[in-house]
Amino acid sequence: MSDWQRRHILSLADFSPVEYEMVLRTAAGFAEVLQRRNKKVPTLQGQVVTTLFFEPSTRTRSSFELAAKRLSADTINFAASSSSLSKGETILDTARTYLAMGSDIMVVRHAQAGVPQAIAREMERLGTEVRVLNAGDGQHEHPSQALLDLFTICSVIQPEQPSLGAIAGKKIAIVGDILHSRVARSNIWSLTAAGAEVHLAAPPTLLPPEFAQFANTPIPGSGLPRQLQIHWQLESALENADFVMTLRLQQERMSQSLLPSLREYHREFGLTRDRLRVCQPSVKLLHPGPVNRGVELSSDLMEDESISLIQPQVTNGVAVRMALLYLIGAAVPAAIPA
């Protein structure tokens, strides 16, 4: 796609509305492709997509791998547990190894913030054409998850042609472990750029006041302010909400002192059918997964297809990641379809 200028996708902080629209439009096209009997297209035939996952992942890794294969790319899967990292090899040396194997796109996930950016800088320093896509770095960002969330929400409102304008003015509540969530950070950037009113809700220990500073960064391309509010009680955040996104409690990243107990968290911030009654009647529920049933939300809500968008999120993830791989991969001449 000749209009796409971004080489790497590392953060949504500087994404413009025009770029979001291009992702939505491209993803909608691939979503249609995935409905066909033959779900493969030759768009990235001859390209090599390497998933460098230094952190465990099921959904994201599988989704990117399937997306690459649907685009006819060759894939290489790196697993940190069986790699030379245990023998002292550095992360950048690992990236250079896969560069030497012919990688065109590197999809990078790491428990430390900034690793995808460091690999992207190294690829540029070496004068390569390699593209880097951030699949989640520490508590920093998770761009592809936020973009599939955006696509899912827009698809509910405008099924025929999802567009950014669909959610302008909509109230979207994000509830849960916001402090440790890279998903929350990327969603704040994307949803506020779309003109949605974003309401964050969590106990004070999981939602520092500093999150209000996101609103101080104007939307790229328009310069408009971002609409963001913080709530330390759930009901005010849910009142008249059109969409509610609940986040997993990341116990592996938090100290035990942040919460009295999981039972106490569910009592105050867990989503139940009764609590959703203050939302819009048409409210929809999202969760990036994996879900702690009975903690972040009740099992009956998760399985209620009239409310839950959790399975559509997973389905849409493949189309959105196809779009991202295509957009950055199409800048490589061999990737452009005839």
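Along the chain as shown, the residues are counted starting at 1.
Using the three backbone atoms N, Cα and C, a Cβ is placed for every residue, glycine included.
Taking Cβ-Cβ distances under 8 Å and a sequence gap of 6 or more within the same chain, the neighbours of G289 (carbamoyl phosphate binding site) are R59, R248, I310, Q313, V314. Look at Swiss-Prot and you will find R59, T60, R109, H142, Q145, G289, P290 tagged as carbamoyl phosphate binding site, backed by sequence analysis.
Among the features that Swiss-Prot reports, L-aspartate binding site is placed at K87, R182, R248. Taking Cβ-Cβ distances under 8 Å and a sequence gap of 6 or more within the same chain, the neighbours of R182 (L-aspartate binding site) are G136, D137, G138, Q139, H140, E141, H142. Under the three-state DSSP scheme, R182 (L-aspartate binding site) falls in the helix class.
T60 (carbamoyl phosphate binding site) has a Cβ environment of 23 other Cβ atoms inside 10 Å.
Comparing the binding-site residues R59, R109, H142, R248 on other C-beta atoms within 10 angstroms of each C-beta gives the minimum for R59. Same-chain residues that are not part of R59, T60, R109, H142, Q145, G289, P290 yet have a Cβ within 8 Å of the Cβ center of the carbamoyl phosphate site turn out to be S57, T58, S63, A135, G136, V183, P288.
Cβ neighbours of Q145 (carbamoyl phosphate binding site) (same chain, under 8 Å, six or more residues apart in sequence): T60, G136, V183, S186, N187, P288, G317.
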